[in-house]
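Novice: Take this structure, written in structure tokens, and hold onto it; I'll ask about it next.
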Amino acid sequence: PDFRDVHLQALLGFGLLMAFLSRYGLGSVTISILIVAFAIQWAVLIQGFLYSFLNGKIYVGAQSMVSADFCTAAVLISTGAVLGRVNPVQMLLLTLLGVTLFTLNEYLLLSLMGVSDSGGSLTIHTFGAYFGLTVSRILHQLHVDKRKKQQDTGHQPDFFSVVGTIYLWIFWPSFTSDTTVSGNTKPWALLNTYFSLAASTLATFVLLPVLHEENTVKMVHIQDATLANAAMMGMAGEMLVTPFGALIVGFLAGLIPPLAFRFLTPTLSSRLKTQDTCGVHNVHGLPGILGSLLGTLLTALATADAYGGRLELVFPLVTQGSRTASDQAFYQLCALPITLLLATLGGCLTGAVLKVKGLRSPLDTRHLENTVLQEV
């Protein structure tokens, strides 16, 4: 059941996210299936060499398949930043390098540093967002501004977007709780995500009419609220947030995308020359960073009296006496700049590879998302 929920989320939840873009809808869903099919195989191999390579063999099972889907989710987040400007061959290369770098970052944080990040605030959302944004910045070309009229990224009322949003709502609690260290902490992650989901959606309904003249909340806005909540609750999910705390965190997460799209995105596009097709910075990047800071705060406040026997499950090194709660919080905090550094450097490398002349599509290619698929 755990694998089923995560796999459905990767294929349908993430796969249908980009369907709200009127020109890139069908192409993005097709590309998502291609990425998932390739990334799962490559992730099982790369993660297998690091985690389960014994006596010359890689041992696989349900947990390795779940981990591969987590890796695939990070790559799908990255592709949201470059959607419509890269062809399928470039997408495969981005996936090849993205999976490798994701696994390296995950191994460094979770295994070597002992960081607790079961829902992937850092390893999935933050890394995926800033890796994709860096690739987008490297791929920026002057002719893009001249083609703005051709690039219709307007929203459309699409049934697939509705289905994707419903799948996100249903399966996010499972997604954030499937890699908890023990079944005893899984109910905490489920409940925290459950309450924060409700609060983040309400926040979107409250704030959007204030920011925009139109009072209609579109399905893409609910998608953003749902994703931002999951990114913010990823690290703190299995910690003692309490239902009231989860409601507060969810409400704050729901405020981030509308405010960021209104005030931050224009600056990101004009000054930093970074085109973010699906707004992954506002939906995954910023909430992921705030989620890691929330997890750091809760780690510093963790006590044996509050957690009881579950402290050993969430923070085993603290229970063993190897670290104090403050030490563990310091490691949690250090994980953020390390993730940002790896994502940025990896994005620069990947962007440089994707800019190789033989891989780029012709500048006069119209309707890129359809043409390249037919050629391939």
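The backbone N, Cα and C atoms fix where each Cβ goes, and this holds for glycine too.
Reproduced below are the annotations present in TrEMBL:
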- 5-356: domain 'Ammonium transporter AmtB-like' (DOMAIN)
- 6-26: transmembrane segment (TRANSMEM)
- 33-54: transmembrane segment (TRANSMEM)
- 66-84: transmembrane segment (TRANSMEM)
- 91-110: transmembrane segment (TRANSMEM)
- 159-176: transmembrane segment (TRANSMEM)
- 188-211: transmembrane segment (TRANSMEM)
- 240-264: transmembrane segment (TRANSMEM)
- 284-308: transmembrane segment (TRANSMEM)
- 329-354: transmembrane segment (TRANSMEM)
Novice: Sequence-remote contacts (6 or more beyond its ends) of the transmembrane segment (159-176), Cβ cut-off under 8 Å?
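Specialist: Distal contacts: 2, 5-6, 8-9, 12-17, 19-20, 25, 29, 118-120, 189-190, 192-194, 197, 219-220, 222-223, 226-227, 229-230, 233-234, 237.
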Novice: Residue list, the transmembrane segment (240-264) vs rest of chain: Cβ under 8 Å, 6 or more residues beyond ends.
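Specialist: Same-chain contacts beyond the ends: 188, 191-204, 207-208, 211, 221, 224-225, 227-229, 231-233, 279, 281-283, 286-287, 290, 294, 298, 302, 306-307.
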Novice: Grab the pLDDT values for the domain 'Ammonium transporter AmtB-like' (5-356) and give me their mean, rounded.
Specialist: 82
Novice: To the transmembrane segment (91-110), which of 33-54, 66-84, 188-211 is linked by the most Cβ pairs under 8 Å?
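Specialist: When the Cβ pairs under 8 Å are tallied, 33-54 comes out ahead.
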